[in-house]
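Remarks on the structure that follows.
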């Protein structure tokens, strides 16, 4: 990797972002894909499992407490305020995962769901802080690289709580699996506590009574409605697929062991590779060109599901299908998240990033919650055809995105 343009301190900051992103990915999957396997073994049907995606509706609302986080993080405590927010939030996430293991989803349904909601709440705050840290610690010319690092850390977390958790579930109970995942977050917590944070610019806390300042600043940007619409629809394909590939692979005969290695582990490596490639492509190509290309590649990857369904279901075909899907997914994410940072002003980075990612999560959560219905009533072949066509609205919007955005 070419780090000639990256200052020495920036390298450590990028590595810091990579490591603290790990718990974000690990916890995220514990309320999503990995949870679906636990629920499947607890004999919940596909429709109910799909509706569990609504637990993550809290991610849509996170922009509401963005101004409060900015007030706390950029207070007179300076960098320490931001660090305190990271530490307290991650501790609460770890505690919530442990508490979740006290409940059985069949016999303690209500407290189980409530605990998931609280976990999603703290996880959404942690997600906001991680993403804003890139604007605070990294120069804008290196956002593509820092986003690749963030994606890599996030994906490694997903790998552990996906493939690792799935494999462990064949040996120990799901409750013990979740306890193990919570323990794995502790090293990142220790790093946050002891790492010397130093913002590239001095940050000043915004007055909390000026709650709408961040939103007003955003709508002054050129074509802001197009930007918001694009954020909502860019991940429509992934939102529509949601956690249904898990059910698809099981339905066509693959075992949990096959999926732990072939889908979760290999797929995550492919996604990380795609994310790194996408991050460095951000330094070479302008955003509109790159976003269009990677969107098309990812749309074509839906053909791999249809290939598996109709033609071949051996282990090699699984690896090919998973690589096509996950590599292109990773390829789309680095330029997309880097573009999100480009759309934000540094003074309001936490609130505006929360706003943009909340908009993105509207599609991910609401569309994802009906994926079970779609898969049930369309059948797998038509379901994946529709998923492949989901790129069209975002592709059209890319043509109308503003050429330049003031992100100061």
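One is the number of the first residue shown, and numbering goes on along the chain from there.
Including glycine, each Cβ sits where the backbone N, Cα and C put it.
Here the transmembrane segment (11-31) has Cβ contacts under 8 Å with residues 3, 55-56, 86, 90, 93, 97, 100, 116, 119-120, 123, 126-127, 130, 133-134, 137-138, 142, 145-146, 149-162, 165, 178, 181, 184-185, 187-189, 191-192, 195 of the same chain, all six or more residues outside its ends. The transmembrane segment annotation in Swiss-Prot covers 11-31 (among others), and the record cites sequence analysis as its basis.
The transmembrane segment annotation in Swiss-Prot covers 49-69 (among others) and is backed by sequence analysis.
What Swiss-Prot records for 84-104 (among others) is transmembrane segment, and it gives sequence analysis as the kind of evidence.
Here Swiss-Prot flags 110-130 (among others) as transmembrane segment. Packing against the transmembrane segment (110-130) from elsewhere in the chain are residues 17, 20-21, 23-24, 27-28, 30-31, 35, 52, 55-56, 58-59, 61-62, 65-66, 69, 73, 82, 85-86, 89-90, 92-93, 96-97, 99-100, 103-104, 150, 350, 353-354, 357: each is 6 or more residues past its ends and has a CB under 8 Å from a CB in it.
Residues or ranges marked as transmembrane segment in Swiss-Prot: 154-174 (among others).
The transmembrane segment feature in Swiss-Prot is assigned to 177-197 (among others); the stated evidence is sequence analysis.
The feature transmembrane segment is assigned by Swiss-Prot to 224-244 (among others), with sequence analysis given as support.
Residues 1-2, 144-145, 147-149, 151-152, 155-156, 158-159, 162-164, 166-167, 245-246, 249, 254, 290, 294, 315, 318-319, 322-323, 325-335, 338 of the same chain, all 6+ positions outside the transmembrane segment (261-281), place their C-beta atoms under 8 angstroms from a C-beta of that stretch. Look at Swiss-Prot and you will find 261-281 (among others) tagged as transmembrane segment.
Residues or ranges marked as transmembrane segment by Swiss-Prot on the basis of sequence analysis: 294-311 (among others). Tertiary proximity for the transmembrane segment (294-311) is limited to same-chain residues at least six positions away from its ends with a CB under 8 Å from its CB atoms, namely 234, 237, 245, 248, 252, 278, 317-318, 320-322, 324-325, 327-329, 331-332, 335, 380-381, 384-385, 387-391, 394-395, 398.
The transmembrane segment feature in Swiss-Prot is assigned to 315-337 (among others); the stated evidence is sequence analysis.
If one looks beyond the transmembrane segment (353-373) by at least 6 residues along the same chain, the residues whose Cβ comes under 8 Å of a Cβ in the stretch are 46-51, 53-54, 56-57, 59-63, 65-66, 69, 127-128, 131-132, 135, 214-215, 218, 228, 231-236, 238-244, 340-341, 343-344. Positions annotated as transmembrane segment by Swiss-Prot: 353-373 (among others).
What Swiss-Prot lists as transmembrane segment is 382-402 (among others), and the listing cites sequence analysis.
Between the transmembrane segment (382-402) and the listed ranges 84-104, 154-174, 177-197, 224-244, 315-337, the one holding the most Cβ pairs under 8 Å is 224-244. Same-chain residues lying 6 or more positions outside the transmembrane segment (154-174) and placing a CB less than 8 Å from one of its CB atoms are 21-30, 33-34, 37-38, 41, 180-181, 184, 256-257, 259-261, 263-265, 268-269, 271-272, 275, 330.
The recorded stretches the transmembrane segment (49-69) and the transmembrane segment (224-244) share 3+ CB pairs below 8 A when only pairs 6 or more apart in sequence are counted, and are therefore in contact.
Remote same-chain partners of the transmembrane segment (224-244), defined as residues 6 or more beyond its termini with a Cβ less than 8 Å from a stretch Cβ, comprise 32-33, 36, 46, 49-50, 53, 218, 291, 295, 298-299, 302, 329, 332, 336, 340, 343, 356, 359-360, 362-369, 371-372, 374-375, 383, 386-388, 390-391, 393-394, 397-398, 400-402, 405.
Residues 16, 19-20, 22-23, 26-27, 30, 79, 82-83, 86-87, 90-91, 93-94, 97-98, 100-101, 137, 160-161, 165, 168-169 of the same chain lie 6+ residues outside the transmembrane segment (177-197) yet bring a C-beta within less than 8 angstroms of a C-beta in it.
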